[in-house]
Amino acid sequence: MGKSWITPFKKQCFVTLGVSLNLSSHGLTMGFAAIALPQLRKPDSIIPIDDVTGSWISAILGFALIVGNFIIPTVMAKYGRRTANILSIITMLVGWFCVILATNIKVFLIGRFLKGTAMGMTASLGPVLIGEYTSPKNRGAFLTTISLSIAIGVLFAHTLGAFFYWQVAALVIAVVMFFDLVIVLYSPETPAWLSDQGRYEESRRVFRWLRGDSEEEELRRMIETSVIVREAKAEIVVADTFSKRLKANIVFFNTTIRKREFYKPIFIMIHMYTLSQWAGANILAAYTLDVFTNVIGTEVNIYLMVITLGAQRIISNGIAVWIIKKVKRRTMLFATVGLNVFAFLAIAAYSYLKVHNMLPYDHPLIGILLIHIHMVTIATGTVPLPFIIAGELFPLDYRSLAGSISVFFLSGNFFIILKTVPYLFKTIGIHGAYVIYAAIVAYCLVIEYFFLPETKDRTLQDIEDEFRGRPLSPEELKSTQSLTAYKHNQDRRCSSPVI
């Protein structure tokens, strides 16, 4: 009776909190750059930096994301989702303490690299954990905490920067991550992974602890599927030799890259991820003070403007959750990204006219309004939509390979944009940089207009058939079904990164 108040929903909230706090590290890490860079540039800084060094502090995360993204699938599959989550948090904590204790730029950059590696881990891990922990009826709501956690992380880091020196801010964030580690240590392994490992009794116990006794059908189907997959894998291991597997993999790769249902989604998602990275989310997270100073000047309370922008991002994320359920993907993409291009060009024009004293009338509220319009387009469209569409475009059989190729381009764009921001702002001004960004985003939008199909309310098989140009034949369908059972474990663990 004493534990009757701890309902399955509350238990799902508890384990999701551990995942969400870990995912908030994306926002905390990005937002921390915005508060640390201006302080490190001061003459009395313990770690003096110039523009080049500052750009490395922000951009090194791009390299690290790739490392984390390729490390975590093996850890997830072999050692479990909970172990992978703990590893990512410990890596993040070590990174934060490297930053806190740094007295030179090398240690500081090592800390940033470790934090970026942890971000790459949680990008793939977070959605998988939430999906396997939570009930179908609550899963959508719990998954929305991902983007919300990142936005709250950015706001929290920016708020700390308004009151504390960067080392104190980093210590506070490290305390938050330690609290998250405690939550995860008290969280169970996911029932799906336990079932995949043949630990069926433990899987049943954890599943019922999380879900109660009302979802027995899902538990039964999950265990039955795991039994079939384990038997199929055992037969393949016995029958195959290394040379046969190598030859089969080569044939598979050569035939796969020629399939339209493989290369078309990759082509679309490369441009979609490019669009999302150049649309301004990371610029406004990592170089917030620089943007406000260049657009508005120093006559307003910059830190207050930064905090209000973070709060607006959270509100816009909440609005996006509702809109995405109602509006078609293409409609929302073209509306928000079109407005994003307009915001880039409007800010560029305003900044250019302001620098050359050509404005007939000026007020700080004009620049503030333009930046907030830009943030609305980011939070409602260019951040959530690419990852939603990625989950709908990639065929199940190629999700791991296609996702990895696409993520490589995402990380590359992430690095390039953050590395070049200080150089562009200094050489051609924010107006010139924003025109370049607008052109890149507009190009990607044109590509999406001609190639991106509508995916809302369509089955994954229907979307795959459209890329292929025809439905699967009965023989192909039978082959796909058998492959799906074998690849079930690997493909469902693959997810789009949350950056």
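Positions of Cβ are set from backbone N, Cα and C atoms, glycine also.
Annotated transmembrane segment per TrEMBL: 12-35 (among others), in sequence order.
Taken from TrEMBL, the feature domain 'Major facilitator superfamily (MFS) profile' covers 15-456.
What TrEMBL records for 55-72 (among others) is transmembrane segment.
Under the heading transmembrane segment, TrEMBL lists 84-103 (among others). Long-range Cβ contacts of the transmembrane segment (84-103) within its own chain (Cβ-Cβ under 8 Å, at least 6 residues beyond either end) map to 18-19, 22, 25, 46-47, 68, 72, 75-76, 110-119, 121-122, 125, 129, 167, 170-171, 173-174, 177-178, 180-181, 184-185, 187.
The transmembrane segment feature in TrEMBL is assigned to 109-129 (among others).
Nonlocal intrachain contacts for the transmembrane segment (141-158), taken as residues 6+ away from its ends with a CB within less than 8 angstroms of a stretch CB, comprise 12, 16, 20-21, 23-32, 34-35, 126-127, 130-131, 133-134, 169, 173, 176, 285, 288, 303, 306-307, 310-311, 313-314, 317-318, 320-321, 379, 383-384, 498. According to TrEMBL, the feature transmembrane segment maps to 141-158 (among others).
Within the chain, the transmembrane segment (164-186) has long-range Cβ neighbours (under 8 A, six or more residues past its boundaries) at 14, 17-18, 21-22, 24-25, 28, 32, 35-36, 39-40, 82, 85-86, 89-90, 92-93, 96-97, 99-100, 156-157. Positions annotated as transmembrane segment by TrEMBL: 164-186 (among others).
Among the features that TrEMBL reports, transmembrane segment is placed at 266-289 (among others).
Residues of the same chain lying 6 or more positions beyond the ends of the transmembrane segment (301-324) and with a Cβ under 8 Å from any Cβ of it are 31, 34, 144, 147-148, 151-152, 154-155, 158-159, 161-162, 284, 288-289, 292-293, 332, 368, 371-372, 375-376, 378-381, 383-385, 388. For 301-324 (among others), the entry in TrEMBL reads transmembrane segment.
Remote same-chain partners of the transmembrane segment (331-353), defined as residues 6 or more beyond its termini with a Cβ less than 8 Å from a stretch Cβ, comprise 275, 279-280, 294-295, 323-324, 359, 366-367, 370-371, 373-374, 376-378, 380-382, 385, 389, 429-432, 434-435, 437-438, 441-442, 445, 448-449, 452. Annotated transmembrane segment per TrEMBL: 331-353 (among others), in sequence order.
For 365-389 (among others), the entry in TrEMBL reads transmembrane segment.
What TrEMBL records for 401-425 (among others) is transmembrane segment.
What TrEMBL records for 431-452 (among others) is transmembrane segment.
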